Amino acid sequence: MHHLAAAPWPVVALAVDKVSEGDLAAARAQMGFSLAWHIVVACLGVGLPALTLIAEWYGIRTGNPAHRLLARRWARAMGVLFAVGAVSGTILSFEMGLLWPGLMGRFGQVIGLPFALEGIAFFIEAIFLGIYLYAWDRLPPRRHLLTGLPIVVAGVASAFFVVCANAWMNQPRGFVLREGRVVDVDPWAAMLNPASPPQTVHMILAAFMVASFLTAAVYAVALLRGRRDAYHKAGFYIPFTLGAAVTPFQLVVGDWAARFLAEFQPAKLAAIEGVFTTGSHVPLTLGGIARDDALRYGLEIPNGLSLLVGYSPSTVVQGLDTVPRSQWPAVTGVHWAFDIMVGVGLFLLALGAWLLLSWWRGRGRQGELLDQRGSRLFLGLAAVGGPASVVALESGWCVTELGRQPWIVWGIMSVRDAVNPAPGLMTGLWLVLVVYTGMTVATVYVLRRLAKGTAVPLAPQEQDVESYPVV
């Protein structure tokens, strides 16, 4: 059910009190900071269960105690991060209502379905996480492994439902606006809007990449410090291999998402690529600064953007000149965020290719992949790859959110119309900063204690597996 009228920019202005620029900025900063913090924990919540099950499965299959130890320790970290993610997710749910009552009050009935389904997936994940953690020595190994599968499925489902809600903000569907009122609501059409497929797939793959490369980075640092036993090698290989395998698919999906923008949100693509004037033979610009209605000081690839959008130099690319200037996002920030995201993706792709080449050169010589010439450089870059994947994740969300500005619902409702008009939003921002600082310190402290601790009940320890071959 399509709600858009023939005009490309149907705007619904709400009768709200005037909001000060300071309060509006505080609300945006609070929501942005909360989302940026939560998204990292959410990615670990999606990807780490899969890594844990892979390690456990491999330990069952081979009898390798190193993998069984990894699975146990990753499971404990998984439990901690689940609890932390539940707290930060709850904060976000309150912020949606407190900071943006214009959005939730008017469109809550439209986008309520994915949030409800995400809640169901959350409880399924919580139930099976409890079973998985407490049944290590109470179930046969293969049955215990099976109890972890719903955790992975529920985690992916949660990500899918939440991103569907965000996709609706980019492509609002499933209702009709009649005299300013929302009528004829179709929640399924709203959730399964045209932006849902590319956004959800892009985000789920990103979650696996972040969880994989971050985990691998921890063990890369340990390997650089000389701890080259089977435990640490397995801790590096399992997540890095998964991350490297996902990366090529992510680049393909990213291209799909960009083509989607060219068709459904051409103004957003224009901001991402710094295209101010509609035309053909549009170059692809790397870097640069938006100034005087042009992207200057960047590296241009002739006809590059036209070729990417339509496979032909004569493809016409819509520019920002088709949109009122008041509806332009911050072009320089969006453009640089996109370039950083793509650059990190190519860097991680190169690291995966390096690992594949190293494996090919060392095939048949067990355990030598990290003993070849250049392995320290490779491990150093892999250690950087973990934080870099987070930078790419945050940059991608900056593209999604900043590229939609000034809209909170694309073409329908502006951010200013949705924000809470009550004064004092700056106080909430400072409170959230204090709370999240405390959560960060506590989370890092607990995870470090888990990493350093040796009292893993009934689990083999590092000294028991140091000489056990991994590859």
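Here, residue 1 is simply the first one shown, and the rest follow in order.
Every residue, even glycine, has its Cβ placed from backbone N, Cα and C.
Those TrEMBL annotations? Automatic predictions, nothing curated.
What TrEMBL says about this one:
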- 35-58: transmembrane segment (TRANSMEM)
- 79-100: transmembrane segment (TRANSMEM)
- 112-134: transmembrane segment (TRANSMEM)
- 146-169: transmembrane segment (TRANSMEM)
- 201-222: transmembrane segment (TRANSMEM)
- 234-253: transmembrane segment (TRANSMEM)
- 336-357: transmembrane segment (TRANSMEM)
- 377-397: transmembrane segment (TRANSMEM)
- 428-447: transmembrane segment (TRANSMEM)
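Residues of the same chain lying 6 or more positions beyond the ends of the transmembrane segment (377-397) and with a Cβ under 8 Å from any Cβ of it are 35-36, 39-40, 43, 202, 206, 209-210, 213-218, 220-221, 223-224, 236, 240, 243, 337-338, 340-341, 344-345, 347-348, 351, 354-355, 358, 370.
Of the ranges 35-58, 112-134, 201-222, 336-357, the one with the most Cβ pairs under 8 Å to the transmembrane segment (428-447) is 35-58.
Counting Cβ pairs closer than 8 Å and at least 6 residues apart in sequence, the transmembrane segment (234-253) and the transmembrane segment (35-58) reach three or more and so form a contact.
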